[in-house]
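Novice: Here you go, one structure.
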Amino acid sequence: MKRNSRLKINYFILEVIAIIAAAIFIYPVFLMFINSFKTFREVIIDVIALPQQLNIDNYFYVIDKMNYPRLFVNNILITAVGITGIVAFSSLAAYIIDRSRSRFTSLAFLFIITPMLIPFQTFMITLLKVMNIINLSGSRVGLGIQYWGFGIPMATFIYFNFMKTVPKEIDESAFIDGATTFQTFIYVIFPILKPVTATVIVLDVMWIWNDFLLPLLMVNDSQKTKTLVLAAYNFVGQYNTQWHYAMTAMVLAIVPSLIFFVLLQKYIVKGVVAGSLKG
Amino acid sequence: MIFENKKEKYLFTLPAIFMVSITIYLPFLISSYYSLTEWNGIDREAKFIGLENFKTIFFENNQFFDVLIFTGNYTALFMLFSNLFALIIALVLVQKLKTAKLLRGIFFVPYIMSMIIVGFIWKFIFSQGFARLYEITELGLLNLSWLGNSELAFYSVVLVGVWQQLGFYIVLYIAGLQAIPGDLLEAATVDGANIFQKFFKITLPLLGPSITVCMFMSLTRGLKVFDIILALTQGGPGGSTYSATLDIYREAFQYNNYGLGSAKAIIFFIIVLILTQIVLKISRRNEVEL
């Protein structure tokens with residue numbers, strides 16, 4: 001009995017410490033939120049105090065100045081195009097690489113996954129040139145397509161590791177029923193791959209949505225193709241003394257990811273773990 | 001097998017092969033060639049100059065050398081702190097706490113935010129937030145010039161880098177800790193092992209795979225640090241926080257030295273390749289199978 005109650009107190013102390021640590025940890029994010037509701041004067045006088053009233057004028061101003069709806073559509077489009085290609089081409093490649101073990105497929109596998117070891121920054125200089133030539137720079141769809149190449153290596157690797165565990169009898173019975181290889185893939189295999197597809201989507205949405213360097217290289221200053229994060233970067237650079245607007249722009253840039261996270265926390269954490277332990 | 005000698009194995013791998021070829025291999029090969037040239041990005045033809053760029057980098061000044069030292073120091077501290085704090089917090093959060101789930105979520109929040117935004121938030125904290133907190137608390141630590149002093153700026157960048165990524169490593173360590181069989185720890189308790197013996201003799205060795213993954217990830221991410229520095233210090237003060245990737249970026253896109261930039265990129269690539277192989281070897285060797 002005594003031992004139990006001491007253990008309880010220990011847990012209680014541990015819990016209090018953990019809560020305080022987490023509160024300090026997240027305080028910068030909290031500060032950003034409260035300052036986005038303040039007027040310029042309020043920010044200058046006291047950055048820590050809570051706003052006197054919930055003033056959303058900053059939001060109207062920044063949404064209009066940044067052309068937020070347009071950026072939002074851009075981000076959705078680029079991310080959707082990127083994800084679709086990565087999922088389709090990686091799963092297809094992983095499927096045939098696992099099922100048809102030959103010299104060609106093992107070489108193809110090596111060729112596809114090796115770029116995981118090549119840092120983006122080592123070839124970004126000439127990437128821009130190549131993309132200019134084949135007309136993939138400077139458009140939203142083009143940017144989305146570029147992500148195919150950067151996302152396929154890891155996605156193929158993750159799909160392949162899962163494919164190994166899918167019994168071959170499943171496709172054999174589909175063949176006996178007269179399905180072609182492609183039909184087997186679409187109707188039989190791809191549905192089985194669903195958990196891996198979820199992992200790949202979670203990892204790649206977080207990556208593409210927040211990516212900064214590739215849009216910075218490709219988009220320049222064209223309003224039409226700018227992404228959310230890139231626009232926030234330019235906006236904060238321009239308004240670097242008007243912190244109330246800067247904070248609002250930053251909140252607007254992260255709110256979609258935050259909502260995405262709160263709604264899908266379980267899948268996101270699972271996806272991140274699965275993706276890293278296998279990738 | 002059914003698939004032998006079928007055209008599908010070419011057809012189905014073709015899109016993936018094609019995409020990685022044009023977005024990764026082709027630019028990489030062209031970069032390797034440009035590293036042997038002098039080119040400002042505008043002229044039609046790059047001038048072939050052999051190994052001149054590498055000579056410039058290695059012998060004529062040690063600017064890139066300083067950049068590599070910063071990147072190395074940053075990566076070392078980043079790896080140390082991310083893994084140490086993540087492991088400690090993970091150990092706490094796997095205990096039976098009522099708020100454990102919520103706290104895990106909170107620590108993960110910075111990881112889902114764009115690194116550029118994270119850099120800006122902290123720029124605000126360091127410049128405005130600390131000043132105000134100092135007025136209230138009079139803690140001398142808050143009155144220092146965290147972004148203006150070259151030595152402190154280094155630690156500021158490390159702090160922000162760790163802050164952004166910590167949640168990711170916490171999640172991986174929690175997964176690792178949960179995979180350790182409870183009866184193993186119970187048996188040790190019965191045998192009279194104390195909490196530290198249990199941690200160092202059982203938990204830590206069995207965490208091997210998680211540690212390998214976390215070490216590898218923190219190494220490659222540390223070496224590639226870019227966004228946070230661009231938002232926080234832009235390489236300053238006095239070039240003291242210039243990372244390798246920022247230097248490559250500036251050399252090419254701001255100073256228009258595409259040849260020299262490509263040469264730096266190739267050197268960076270080789271260094272990353274060697275370091276990742278070493279770290280993988282070391283941590284794999286220390287793993288323990290159950």
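Each Cβ is built from the backbone N, Cα and C atoms, and glycine gets one as well.
According to TrEMBL, the transmembrane segment annotation covers B:12-34, B:74-94, B:106-125, B:152-175, B:258-280. Per TrEMBL, the feature domain 'ABC transmembrane type-1' maps to B:68-279.
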Novice: Is the transmembrane segment (B:74-94) packed against any residues at least 6 beyond its ends, judged by a Cβ distance under 8 Å, and which are they?
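Specialist: 100, 103-104, 107, 154, 157-158, 161-162, 165-166, 169-170, 172-174, 176-178, 199, 207, 211, 214-215, 218-219, 221-223, 225, 243.
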Novice: For the transmembrane segment (B:152-175), could you work out the same-chain residues 6 or more beyond its ends whose Cβ comes under 8 Å from its Cβ atoms?
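Specialist: Result: 70, 73-74, 77-78, 81-83, 85-87, 89-91, 93-94, 104, 107-111, 113, 115, 118-119, 122, 126, 144-146, 207, 210, 213-214, 217-218, 221-222, 225, 228-229, 232-233, 236-237, 240-241.
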Novice: Counting only residues 6 or more past its boundaries, what in the same chain has a CB within less than 8 Å of a CB in the transmembrane segment (B:106-125)?
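Specialist: For the transmembrane segment (B:106-125), the nonlocal Cβ contacts are 89, 93, 147, 156, 159-160, 163-168, 170-171, 227-232.
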